Amino acid sequence: MLSTLIRKVIGSKNERELKRLWPIVAKINSLEPQMQALSDEELRGKTAEFKERYSKGESLDALLPEAFAVCREGGRRELGMRHFDVQLIGGMTLHAGKIAEMKTGEGKTLVATLAAYLNAISGKGVHVVTVNDYLARRDSEWMGRLYGFLGLTTGVIVHGLDDEQRRANYAADITYGTNNEFGFDYLRDNMKFSLDDYVQRGFNFAVVDEVDSILIDEARTPLIISGPTEESTDKYYVINQIIPRLEQGEVKEVEANTLSGKKKVYTGDFTIDEKAKSATLTEQGVSKVEKLLKIENLYDPRNIETLHHVNQALRAHAMYRRDVDYVVKDGEVLIVDEFTGRLMPGRRWSDGLHQAVEAKEGVRIESENQTLATITFQNYFRMYAKLSGMTGTADTEAEEFHKIYKLDVTVIPTNRPLLRPDYPDVIYKTEQEKFAAVISDIKEHYEKGQPCLVGTISIEKSEVLSELLRKQGIPHFVLNAKQHEKEAEIVAQAGRKKAITIATNMAGRGTDIVLGGNPDSLLKQWRLANPEATAEQAAAMLEQYRQQCAAEHDEVVALGGLHIIGTERHESRRIDNQLRGRSGRQGDPGSSRFYLSLQDDLLRIFGSERVAKIMDFLKIEEGEAITHAMINKSIENAQKKVEAHNFEIRKHLIDYDDVMNKQREVIYTQRREILAGEDIRESFLEMLDDTISDIVKAYAFEKDAPLEWDWESLSETVFRCFSIQLELSREMIARLNADGLQKMLQEQAHESIKRRADELGDELMDHLIRVVMLQAIDVHWKDHLLNIDHLKEGIGLRSYGQKDPKQEYKKEAYQLFMEMIIRIREETVEKVFWVQIEKEEDIEELEEEQVERSRKMFKAITVNDDEHPAEPAKSQKNAGRNEPCPCGSGKKYKKCCGK
């Protein structure tokens, strides 16, 4: 009540922000006549002028009005597109390091050019991040014309580029690319043996398109570069054969003499939890598995791995459905993105789940992988000095954006008022009744010529609807993961008269649906059918298509615009809003309605009891529907619960990943300093002194007399580490104390290093230290990541011992990290003293081998955090098992990183 009153008096935060920006818009508008009077050369010359003024100390904020005015005029001349006033506000929001929520069709692609152009003036680079290669290429080519017209360079980072091409594209003023490519390039750079091989040049400013998809939907999906293990895949086939012999049971509550008066009873061999997407063996199931696998105790420590694989196989059979969670294509299990419905070639579920699904489907099983480098999108994007984003749906997740990324959301007003009515949900008892109503609605709109976009949440549901429409004789397009190659063309024509388009989870985001059709897209299809056509014929066809689409546009507007039909509510309100947002662009008419049933996943798992009670109370008969504000509210509450739960999971993940992030920063910073050759000898001597200090502490106890120290072990350790023979008489030992021993060892070791440097020369000595240090860091960092994975797997069990798993994880991860640092230090010192180098060519050959290995990029796989197994994994090609290991150890891959 009080907050509502305050908002009425002083306005909401969003209103106050917009009020602050409108005067700057007026200033930009006042500069428009001045910019229009400039020649093309003079307008281009403004970029060089801005760069000079910036170099002399003028801030980007001070340059903003003029720079935006120049960019707007450049867009008008080169693209035939003039930025609207609300788009200027969007550009200012991005420049301020915030998220601009802009409705579909409001021109987010053009808005990004304002902030990108202004920030490129600094010369530090701007990254524009998109969700797929198609959009990255399209936007870089399209908007690149504007940047080129204004004297800036544009690059694009997509799959398939080599390092030289990537380096050139990152060196451009503005670089477009996908989140995966940017993240993997960062990880690969930090595995290289020369700064000259790095492709990225820093993290200055990023504009993330579809920011909700990248920073929220994919936040639980870490990027991981990994190599295969040498484990046998036979176990998956063996365990897969016993799963069909297990019977699914359920959990029942029965009366009992307990505090609550009830106890849980488990029937069958296993139970499933759909919310957690997990499956658990019952006592009866454990006995049956032990009998089938011929083992005595499934919970014996030696059989824990077998138990894990049984649970994963249960999940594969009971929870993961073909054509819903994955498809089988060309002998491969391909994951379906639960948010977009697209296939994700190369992504793999982690922790043996993908292998379990492969065994279930009878396809070839790929071996599991070991992590070599990893980062989450959350921590990758937080490295940028300034981060901003755009989306049509961010306000529902504003709290998460602020808490995790420190990003505020500004809702940008539409250029024209929104005319789309969103009708209340219609709810049926069964899915069959719901689909019948959906078909009836589609048929009604089709017969009058109004285009419809029908959203489904899975490939399976889209194909069911398609079959029902086919039986009714209604022509339509199906846009799901199986046809993602054509999605842009199909979506572009979804606003044509009588067009019926079924889309899985709004695949095709980033392509506008224009009422009446898109003439450019029609021309593209015509060109494919007429490859011999001349430029004059193409120009004539384009004009014909423009007239045709303009006439059809008016007809479709008169019919009510694009009608949106949702066939199921998603767990997130944001995904539902994305579907609705495809209609009503730029003031066009449109409408939307969702059809639901009590058998839908969201209602069945999270909210059906309350809705079912209301339907029973109102005596709703079969085939009848209910539309009521109470039910809409109940569904929204279920969605809010799921959103809050998912937010907690992502926050939980970042709390854990922050520990690893700090460790990763230390290691990667140290690697870069070594590659840059900064104080390499000094760093090595510090390592040497620390190693000596550790040895003295281990063998020279102050409470014992020097003659009682373990001189045999001490001498062996000193010789092993420093190649120094300790020759001390009893009299000399008797006079020593711990400090004296440490000083003596330091003097001898430093003198030995000096002699070695004199023999090799300072340059070659530093070269040797650098190569040995990098080798030690990379080998032990890889092992550390494996140890951290193992720590994560069991850390949740600490809660049973009344301990906080998060605090235990932080403490033990720190201990593991310090142990790794000591191992790196000792190995570096030992190798520098012992490695045999006779001439410069020896070490150059050693380094060249390492550089060559680093160029063979590893298998890049994105897998989920162990605690969130429902998330997928992404992969690229790796080195062979018998090739030299890319970590630089000199061993074969299968004997080193591939163990």
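For all residues, glycine too, the Cβ spot is worked out from N, Cα and C.
Swiss-Prot lists Q87, G105, E106, G107, K108, T109, D512 with the feature ATP binding site. Secondary structure from DSSP puts T109 (ATP binding site) in a helix.
Marked as Zn(2+) binding site by Swiss-Prot on the basis of sequence analysis: C885, C887, C896, C897.
Beyond the ends of the region 'Disordered' (573-592), by six or more residues, the same chain brings 103-106, 212, 216, 339, 392-394, 396-397, 414-423, 453, 455, 494, 505-506, 509, 512-515, 557, 560-566, 636, 639-640, 643 to within a C-beta distance below 8 angstroms of the stretch. Annotated region 'Disordered' per Swiss-Prot: 573-592 (among others), in sequence order.
Swiss-Prot lists 861-899 (among others) with the feature region 'Disordered'.
Neighbours of the ATP site: apart from Q87, G105, E106, G107, K108, T109, D512, residues of the same chain with C-beta atoms within 8 angstroms of the site's C-beta centroid are M102, T104, L110, V111.
Scoring each of the binding-site residues (Q87, T109) by how many neighbouring Cβ atoms lie within 10 Å, the top position goes to Q87.
Under a cutoff of 8 A between CB atoms, and with a sequence separation of 6+ in the same chain, the neighbours of E106 (ATP binding site) are V86, Q87, G90, G392, I412, T414, N415, R585, Q586. In three-state terms derived from DSSP, D512 (ATP binding site) belongs to neither a helical nor a strand segment and is classed as coil. Here ATP is bound by Q87, G105, E106, G107, K108, T109, D512 per the record. The longest Cα to Cα distance in that group is 16 Å. Sequence-distant neighbours of D512 (ATP binding site) (same chain, six or more apart, CB under 8 Å from its CB) are T104, G105, A492, N518, R585, listed in sequence order. Cβ neighbours of G107 (ATP binding site) (same chain, under 8 Å, six or more residues apart in sequence): M81, H83, F84, Q87.
Cβ crowding, taken as the number of other Cβ atoms within 10 Å, peaks at K108 among the binding-site residues G105, K108.
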